[in-house]
């Protein structure tokens, strides 16, 4: 009994040591995104809708990267458990190569088809004009993010989170300061509005990448420290093995992001004000979910390491402890959204009708977040760590694109429901996904050693 208590305490300690820096990073990232939204929102609902529409492209791109690196993190974490640093560097090199390729394609599309892309989400000409201005500058960040994301995200898989988190926080603070200067024209700078927000983001992302590269060059103990030739040496066999796990995650995350984007576009059919409300609601909800995101990342790293050491029974026992924490957090976050919706709504300079729409939407989000976060906790914190990525992909695509998106469009275009009821109806997809994935977790069929 005493040994079991010590093992549980040790696991919770390791989980928190990994999770806390990631949670802090997410909190500051989303918190300052909320500040950015407030800054842009003070220009009016149309500029906020424009930036929100433009950022849908980045959201899809980021989710594709997240899918690729999450999938590659499965063997990477297991290689770390086996202390195979040679293959760890090869996987990192492969991530950078594929990430930059995806960045270049997305950048070209954003430059060539900016107005057409924005018009997918909004019909007002002013929103399209402002969104085009923003995306043509901000899209250059895709190149820097590809490499920065590889370093910071994969560092979590080898359980190094402190310095990358500090660098990311400094980048976000820089972005916010530059937003304050360039959006409104403070300290003698010109007032550039949404273009100022895009320029601020680009400068901050360049600083972030430079800082991470310098860090890797200086820290000789980091598993990613080495000569460039060590990162180029991935073989076709390693590429195939990693992609076998990673591609289902790429498709899954890409499908999820596409679903979110299509749902966003559906709500845009209601009004530009509905788009602004969704922009605010999404940021606040993600802010409240930061602790869950951090725990999921930490659980995936620890579970992958344990499986790499061939300790399958211990891996399952540890995930039960992890899920207890996730259930508790989900309840706390629901209460937080209900408590914060009034103060948040009062910050924005919306008219009375839009403010009411925001309050109702946040009230619905507070409860629909429960199945969404349980599904996230199981899928990203457990199933993928065991290499069960193909199953996750099938569930994600069928529940998200097959149910949630369809219900959103039917609610808007057929039944003409108000925004908060559309959100509630579409949430049926997340509820079904949570049930299916939780049953899969209990079955233990997700446990695989893939190295």
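Cβ from N, Cα, C; glycine included.
TrEMBL entries are annotated by machine, without manual review.
Predicted, not measured: the structure shown is a model, and the values here were computed from it.
Look at TrEMBL and you will find 15-40 (among others) tagged as transmembrane segment.
TrEMBL lists 60-80 (among others) with the feature transmembrane segment. Outside the transmembrane segment (60-80), and at least 6 residues removed from its termini, the chain residues within Cβ reach (under 8 Å) are 87-88, 91-92, 94-95, 98-99, 102-103, 106, 142, 145-146, 149-150, 153-154, 156-159, 223, 241-243, 245-254, 256-258, 261, 300-301, 303-305, 307-308, 380, 384-387, 389, 449-451.
Packing against the transmembrane segment (92-114) from elsewhere in the chain are residues 57, 61, 64-65, 68-69, 72, 76, 131-132, 135-136, 139-140, 142-143, 145-147, 149-151, 154, 224, 230-234, 238-239, 242: each is 6 or more residues past its ends and has a CB under 8 Å from a CB in it. The transmembrane segment feature in TrEMBL is assigned to 92-114 (among others).
What TrEMBL records for 134-153 (among others) is transmembrane segment. Residues 50-51, 54-55, 57-58, 61-62, 65-66, 69-70, 73, 92, 95-96, 99-100, 102-104, 106-107, 110-111, 114, 117-118, 164-165, 167-168, 194-195, 197-199, 201-202, 205-206, 208-209, 212-213, 216, 224 of the same chain lie 6+ residues outside the transmembrane segment (134-153) yet bring a C-beta within less than 8 angstroms of a C-beta in it.
Taken from TrEMBL, the feature transmembrane segment covers 165-185 (among others).
Note on the transmembrane segment (197-218): residues 36, 39-40, 51, 133-138, 140-141, 144-145, 147-148, 151-152, 163-164, 167-168, 170-172, 174-175, 178-179, 181-183, 224-225 of its chain, located 6 or more positions outside it, place their CB under 8 angstroms from a CB of the stretch. The transmembrane segment annotation in TrEMBL covers 197-218 (among others).
Feature annotation from TrEMBL assigns transmembrane segment to 327-350 (among others). Within the chain, the transmembrane segment (327-350) has long-range Cβ neighbours (under 8 A, six or more residues past its boundaries) at 38, 41-42, 44-45, 273, 276, 280, 284-285, 288-289, 291-292, 295, 358-359, 362-363, 365-367, 369-370, 373-374, 377.
If one looks beyond the transmembrane segment (356-378) by at least 6 residues along the same chain, the residues whose Cβ comes under 8 Å of a Cβ in the stretch are 273-274, 277-278, 280-281, 284-285, 288-289, 292-293, 295-296, 322-323, 326-327, 329-330, 333-335, 337-338, 340-342, 344-345, 348, 350, 418-421, 423-424, 427, 430-431, 433-435, 437-438, 440-441. Positions annotated as transmembrane segment by TrEMBL: 356-378 (among others).
Summarising the annotation, TrEMBL assigns transmembrane segment to 390-411 (among others). Same-chain residues lying 6+ beyond the ends of the transmembrane segment (390-411) with a Cβ under 8 Å from its Cβ atoms: 248-249, 251-253, 255-256, 258-259, 262-263, 266-267, 379, 383-384, 417, 421-422, 425-430, 432-433, 436-437, 440, 445-446.
Residues or ranges marked as transmembrane segment in TrEMBL: 417-436 (among others).
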